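Visitor: If you look up TrEMBL, you'll see A:62-104, A:278-319, A:321-362 marked as repeat 'WD'. If you look up TrEMBL, you'll see A:354-440 marked as domain 'Sof1-like protein'.
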Amino acid sequence: MKVKMLSRNPDNYVRETKLDLQRVPRNYDPTLHPFEVPREYMRALNATKLERVFAKPFLASLDGHRDGVNCLAKHPKSLATVLSGACDGEVRIWNLTKRKCIRALQAHEGFVRGICTRFCGTSFFTVGDDKTVKQWKMDGPGFGEEEEPLHTILGKTVYTGIDHHWKEAVFATCGQQVDIWDEQRTNPICSMTWGFDSISSVKFNPIETFLLGSCASDRNIVLYDMRQATPLKKVILDMRTNTICWNPMEAFIFTAANEDYNLYTFDMRALDTPVMVHMDHVSAVLDVDYSPTGKEFVSASFDKSIRIFPVDKGRSREVYHTKRMQHVICVKWTSDSKYIMCGSDEMNIRLWKANASEKLGVLTSREKAAKDYNQKLKEKFQHHPHIKRIARHRHLPKSIYSQIQEQRIMREARRRKEVNRLKHSKPGSVPIVSEKKKHIVAVVK
Amino acid sequence: MRARGLPGVPKPTVGQLRGVCTWIVVGVGWMETAPKPGRDVPPKNVKFQSKKKKPRRYWEEETTPTAAAASPGPPGNKKRNRELRPQRSKKAYIPKKSRISKKPQLPKKPRERRNPEPERSLSGAQDPFPGPAPVPLELAQKFCRIDKSKKLPHSKSKTRSRLEVAEAEEEEISVKAARSELLLAEEPGFLEGEDGEDTAKIRQADIVEAVDIASAAKHFDLNLRQFGPYRLNYSRTGRHLAFGGRRGHVAALDWVTKKLMCEINVMEAVRDIRFLHSEALLAVAQNRWLHIYDNQGIELHCIRRCDRITRLEFLPFHFLLATASETGFLTYLDVSVGKIVAALNARAGRLDVMTQNPYNAVIHLGHSNGTVSLWSPAVKEPLAKILCHRGGVRAVAVDSTGTHMATSGLDHQLKIFDLRGTFQPLSARTLPQGAGHLAFSQRGLLAAGMSDVVNIWAGPGKASPPSLEQPYLTHRLSGHVHGLQFCPFEDVLGVGHSGGITSMLVPGAAEPNFDGLESNPYRSRKQRQEWEVKALLEKVPAELICLDPRALAEVDVISLEQEKKERIERLGYDPEAKAPFQPKPKQKGRSSTASLVKRKRKVMDEEHREKVRQSLEQQAQKQEKKAMPLGPRPSALDRFVR
């Protein structure tokens, strides 16, 4: 007879002293872990609930401006520095870690229309209602010196926007035409127009640095190549585009913030159909900015809220609002992709977390592991109705909520009418136009 | 005998297939992933060789391609290694369509890592076993959660590539888990007779004599003749034992150290006894009501809504106490909140045979008409009814993997059923007296109590059913058997009988390696408390109990299609419909109207031909089915034949 009984030595399973860690032997055999799926589902549900519990995105409000904040700019080299221009012509430079204004200067008379930093971070440019372009040093004036711009360019017309080239000493302004300037000269290198309308914003492409995009109030978005004297092509939409933003990771992709409450992501090679139409805002979208990862962007709207959209989704994943925040005019995603800043009508700049339930500060390795595990679980079970409902739920102010309802009814009525028209006409006579194509009027080359 | 659908189970619906579908892991192209030495390996070698041979230019100096010669080792050995390494076959990750392969793919890394040439160290010695350790295919199979028989749905390329990535991930995980098997510390026990010796002849005393002292101490007899036949229950960690005698004697002890936790007399008949989720709580079915005691023997609750209970079962992951009563009700009590979740009328008279399926938490009830019915608290009707015996069912047991059910009936039969879909008997055997109590161990041993004898049968492996030919062990007790349970994680069978309690040694019964986070026999108080909180947090709701516990991770195809239909109705057209073929205009001069029409016609014809081909195939299949030879004339009574 040969016999062996299961006989464990307790010393192998119990810690030796109280100072040791407990011994936890693992066995991954699936039969020892029954109900794997339901238990994971419950964990995912709990993780989703906790995510909503910990969703406290608002970090700080920077006050100091004496009029509505009209434009924001990031410092290219310092994460903690932010520049803002207000409607009374004042420019302020903020330190985000201290949450304090470190410098204030009266840059223009009337609005500061646009502000941008030089790629090296030593100086910045502003344009204002007083028809000037001014270049300023990033550092404040020394003791006894006066606050003065490095250069001032007097123009003939009002400039409404400015953007600096990402690599060279060249910047572009827009107003009645798009002007491209050399920093050393007082006359533009070239001026480009297409039609006669005021252009509201101009943006350099961060990857293909010679490309520019601009949007004008005659409802079109025009693309330029700096090396050519003439514009490349333009797309005409249903309504005016307020601003555009290039995807920092994909050279051809840009997103346009439109007056018709939507955002349109275009591939510049095929402008006749937007890659995605992003709907959710209930009023005109005023500004848009990409996260440095190029996966998401944030949009600011006249409806007193900001929303975060994934690039490939038509609906927003997040909406931020507070009682005191008025129409949001400008928004920026910080370069570490963790925070969002927005400047609004009521003179404040607000700092938000990009990921509402994220824990700030250093995480221990166990915290990190738990976070990753929960993230994976949430991803795995995200389509289950119960979990989806909890993850999607957001509290909205009554004005936005009722407007959403109202617009839903309107959209439904339009759709019904379309379906009826389709039903009662000869097959093929009424074309089916997709939502993407509906808002594009024409593409001109 | 069909399983009914569960109304309360939330499932992903919607056209979510477009989203990330990590939760559907459907096997595809799996057949290709299995190693095929005949087809797969040689071309690989050819490729490697061609890689090594660098074309030499005329201006280069002549160098001997030593690299090829240096490639080492016994070739046969290397080849075997590659064969053993199961799912790393190159083919798995290169989908047929090139546009899919554009996706950044996870499996790239391991492919790079697997260098065909073993790396040389500084000293010039080379690793005789290059690359990660090979994992036997069967072992990786054990951890694999993908159903390989299913084909990948015909979906969009984006979804498809996502599924493929998820699948590859899953595969890698299973290989890693299989590799971690190496770290398990304990080996299972065994009992072998020397050539021709029948292990059933070996007495407990012999085993006790042969094994070490610690194991020998696990065999003991409690002589408790006074309070009559005992029911017993081990806690989930296998550390604690509770027993209750018919005449009111209730006790709980740490049976390893033999430390008594409490001993009381409830002055009432005790029908059944059960630990709740931890050893601190004890449910006792007494003559009238259900009582809950703590480990000091203090009565915490008296649940009057559960009266005249005959059997108790505790579902640890759902925190449900299932009670079967004389009145024919199956009641589920949620012990975490103290609410009755469901009270189901089985409509089959007195219920005194009950067991749970540990794989899916379905309760099996045995009835006096020979059927076993399967219950879930979410459904008012039984999920399934299985006709098992001619005559009443006396005992039911289900093994830990949920694949086999053993039943014994008044017809003195002992049968083993397959629970995976068909509910067919796999084997049957007539016992002289018939078994009154049945129990499965963690490693698939089956114990049966027949009056005062306990027989234990063993199968060839863990997943296979026990063969009923020859018993593995037998033991005669001092009284009639009244309760049987294998102790989890110990090679011990607890038998409650009219003469007290006997703890039998059954080598090879228990799982040798426990998981410390799941049920740890050596856990401290702090660890238990932490585990309790975690377990409560992930308490599975009662509505999720159904026959297939993995159903939650599958796509709800029915509502998906329903939603699609509704969407088409709402929009007035199908947004996902394939647009009719429109030939593109070609280079100048070649796109005359006639040729355009011709090309269009060509595509249409091809589509039409495909349709005809499919319908012909279907017809052929139908005819084949019809032509299937019918046996003798079917009779109405065939449905009762087992």
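Numbers run from 1 along the shown chain.
Cβ atoms are placed via backbone N, Cα and C, with glycine included.
Curation does not apply to TrEMBL; its annotations are automatic.
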Visitor: Across the domain 'Sof1-like protein' (A:354-440), what does the pLDDT come to on average, as a whole number?
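Guide: The predicted confidence over the domain 'Sof1-like protein' (A:354-440), as a mean pLDDT, is 93.
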Visitor: Please count the residues of the domain 'Sof1-like protein' (A:354-440) that DSSP assigns to helix (H, G, I), strand (E, B) and coil.
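Guide: Looking at the domain 'Sof1-like protein' (A:354-440) with DSSP, the answer is 54 helix, 1 strand, 32 coil.
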Visitor: How does the repeat 'WD' (A:62-104) divide up by DSSP, counting helix, then strand, then coil residues?
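Guide: Per DSSP, the residues of the repeat 'WD' (A:62-104) fall into 0 helix, 25 strand, 18 coil.
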Visitor: Residue counts in helix (H, G, I), strand (E, B) and coil for the repeat 'WD' (A:278-319), per DSSP?
Guide: 0 helix, 20 strand, 22 coil
